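Step one of this worksheet: look at the structure below.
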Amino acid sequence: MTAAFKSEMAQRDRLELNKLRKLLRREVGRAIADFNMIEDGDKVMCCLSGGKDSYAMLDILLNLKKHAPISFEVIAVNLDQKQPGFPEHVLPEYLSSLGVEYYVIERDTYSIVKDKIPEGKTTCGLCSRLRRGILYDFAVEHKCTKIALGHHRDDIMETLFLNMFYGGKMRAMPPKLKSDDGRNIVIRPLAYCREKDIERYAGLREFPIIPCNLCGSQENLQRQNIKMMLQDWDKRFPGRLENMFRAVQNVLPSHLCDTRLYDFDKLERYSMEPEEFNQISVLNL
């Protein structure tokens with residue numbers, strides 16, 4: 001590989017990185033505005049797992065913080081669950097290089113999950129509940145007003161189909177929600193971002209990605225099947241995923257079958273005598 005070729009490739013990567021940064025920043029900014037995710041004076045706790053999504057989220061939020069018309073704080077928090085082989089030095093070194101305020105919470109949830117869940121059974125439910133409780137408590141203790149998670153548009157659509165196929169519910173991931181205990185507001189700034197854009201951005205930014213060794217349970221295998229289905233649709237039917245995501249934002253309860261969302265009992269036909277009906281102009285109907 002010649003020096004000229006290397007230089008040309010580096011230039012292409014720089015241009016692509018700049019394009020992706022602008023795209024992701026625009027989509028994150030749009031999501032923040034649409035759902036009022038971050039307000040003036042907020043203290044945002046950015047949950048960092050070591051994966052591409054949370055790295056990209058932190059990177060974009062720090063970038064937006066410099067240019068936003070409002071003032072808000074960003075802190076990074078990682079939960080070290082004591083998984084075997086977890087490289088404990090990676091995140092502290094990276095976050096120190098950024099100069100961002102960060103915390104590493106050490107809790108051995110790995111042993112708890114392994115002790116409570118039989119071999120071969122899904123660990124995701126218990127693991128996520130333990131992780132959620134620890135992070136929620138930390139946010140309250142440190143007076144964080146928002147908890148930012150790195151779920152993106154693909155995660156939202158996968159969750160929708162996961163719940164439809166296996167749970168019989170039309171339920172996805174909301175871009176913003178109040179925790180069950182009412183103490184925290186959770187936001188997903190990457191809600192409008194495509195995973196393939198985040199993945200390419202993370203590669204160009206050379207984030208020190210940490211793989212998760214605990215997962216691989218049944219729920220994640222089901223999610224992987226749905227991910228492959230959506231990826232196949234994206235290749236064969238361009239624009240389908242975009243339309244499906246728009247559908248999640250454009251729900252008509254009167255055209256579904258949930259009596260909790262729409263009061264079908266109160267539907268009444270228009271009461272009118274035949275003579276009166278004939279007098280109405282068709283153009284006015």
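Even glycines carry a Cβ here, placed using N, Cα and C.
Taken from Swiss-Prot, the feature [4Fe-4S] cluster binding site applies to Cys124, Cys127, Cys215. Just so you know, the Cβ of Cys124 ([4Fe-4S] cluster binding site) picks up 16 other Cβ atoms within 10 Å once every protein chain is counted.
When pLDDT is averaged over the motif 'PP-loop motif' (49-54), the result is 95. The motif 'PP-loop motif' feature in Swiss-Prot is assigned to 49-54.
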DSSP assigns the residues of the motif 'PP-loop motif' (49-54) as 3 helix, 0 strand, 3 coil
